[in-house]
Amino acid sequence: MNHKTGAILVLSGPSGAGKSSLIKEVIDDIGECYFSISTTTRPIREGEVDGVHYHFVSESEFKKDIEDEFFLEYAVVHSNYYGTSIKPVKKALKSGKLVIFDIDVQGNATIINRLGDITTSVFISPPTLSELKKRLEARSTDTKDVIERRIEMAKREMQRVSEYDFLIVNDNLQEAAKTLRIIADAARVKIPSNEINDFVRSWEDI
């Protein structure tokens, strides 16, 4: 069996779970990959760079892209739009790369529905709700109201952890990174069901 198709690795988790830190920790160690940069209407934060962390656009621009079917998936989170562009993802998959998504539970459900055969999903969580609150407050980037909304969203997201292939509890960055590297390697060799079925059909051929 000669498996050359690219693969998808979805990473989800509450804001404050440490997804960005975890990705930064492993990105140079998991081989040839493409990190999908989401488009968003939320305000740019201090230290972020347009086109590196996100593609920042206005709400009217985002809605126009929806009409033009520009997105593989999109969702509204905390009153802001987030979406994943189709073209660069298709190009990366065609070249055999591991495509990494940092998306929410809604986005994961859409990706699984459309590309589940080549998708491995990981939910990243802080060890406790109190630890999540501590991390959000330490960032000093959100108001008290925004933090409360993020916490309520996190509670809802935690109810959908069972939809994922793996759960990483990010209470130790190095240990969490070690686990994610192993999962990324496994994602690369996941075989689509159509290829498995072809192999089974041809297995007895002489």
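Glycine is treated like the rest: Cβ placed from N, Cα and C.
According to Swiss-Prot, the features are:
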| type | residues | note |
| --- | --- | --- |
| DOMAIN | 6-185 | domain 'Guanylate kinase-like' |
| BINDING | Gly13, Pro14, Ser15, Gly16, Ala17, Gly18, Lys19, Ser20 | ATP binding site |
In the same chain, which residues outside the set Gly13, Pro14, Ser15, Gly16, Ala17, Gly18, Lys19, Ser20 have their CB within 8 A of the centroid of the CB atoms that define the ATP site?
Ile124, Pro126, Arg135, Asn170
So for Ser15 (ATP binding site), how many other CB atoms are inside 10 Å of its CB?
23
